[in-house]
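What follows is a short report on a single structure.
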Amino acid sequence: MTHQTHSYHMVNPSPWPLTGALSALLMTSGLIMWFHFNSMLLLTLGLSTNILTMYQWWRDIIRESTFQGHHTPTVQKGLRYGMILFIVSEVLFFTGFFWAFYHSSLAPTPELGGCWPPTGIRPLNPLEVPLLNTSVLLASGVSITWAHHSLMEGNRKHMLQALFITIALGLYFTLLQASEYYEAPFTISDGIYGSTFFVATGFHGLHVIIGSTFLIVCFLRQVKFHFTSNHHFGFERAAWYWHFVDVVWLFLYVSIYWWGS
């Protein structure tokens, strides 16, 4: 093995990007199969492959960063820019959903009855479950900031407590969203209103699940003393992602639940 004289991480070839891409293909194809043919076989296979990929990819990253010391300040700087670009791409992703919503709602076509919400659609009350969901996510934003400050101050106990509260609030939000979907008086097939509502809020819900998974991994890593007050890159990126999810929900609440109703 040659001696490394630079601060960059020369990553070994990894199969996980390929298996991750294949699992994404299986999940999206499986979602179509579930919607149109009521078969969850492909979707279950895709989810299983995705969970296995996440586990093994996280295992490799933890080994490289925590135990082998490959995440030098130079590498962290590059990863930080990468995370910023990823969040920007997610902003553009949700911009498409908001564009579809406002395009349809600001000038409703005669087929919709010339009004918004369309004739026959009974929208959800924004002051009931959606307002509770807003409170839950805002509280989780406060608790993850508490966790971050506790970690920087070296207070491990408070960091674990705050992170546990954040995870619990994230899971509670997901349960509330699932119950709202179950009790909604309209479906995804109820025209443009149902489509924009369920796709926009559903993709946000998916991001909450991804963020919660990220935070659970950070919690387990903190239990095993992987983070220090100076080196906690993984947790910091998870906190960024969680704040992004918070902000997107505020736009969803104001646009779709409050103004759109």
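Cβ coordinates come from backbone N, Cα and C, glycine included.
According to Swiss-Prot, T72 and H232 sit on the same side of the membrane. If you look at the transmembrane segment (16-34), the same-chain residues 6 or more away from its ends with a CB under 8 A from one of its CBs are 40-47, 49-50, 52-54, 56-57, 60. Taken through DSSP, the topological domain 'Mitochondrial intermembrane' (184-190) splits into 0 helix, 0 strand, 7 coil. Residues 7-9, 112, 116, 192-193, 195-196, 199-200, 203-204, 207, 233, 237, 240-241, 244, 248, 251, 255-256, 260 of the same chain lie 6+ residues outside the transmembrane segment (73-105) yet bring a C-beta within less than 8 angstroms of a C-beta in it. Remote same-chain partners of the topological domain 'Mitochondrial matrix' (224-232), defined as residues 6 or more beyond its termini with a Cβ less than 8 Å from a stretch Cβ, comprise 62, 66, 71, 151-154, 218. Non-local neighbours of the topological domain 'Mitochondrial intermembrane' (257-261) in the same chain are 101, 105, 116-117, 123-126, 130, 197; each lies 6+ residues outside the stretch with a CB under 8 Å from one of its CB atoms.
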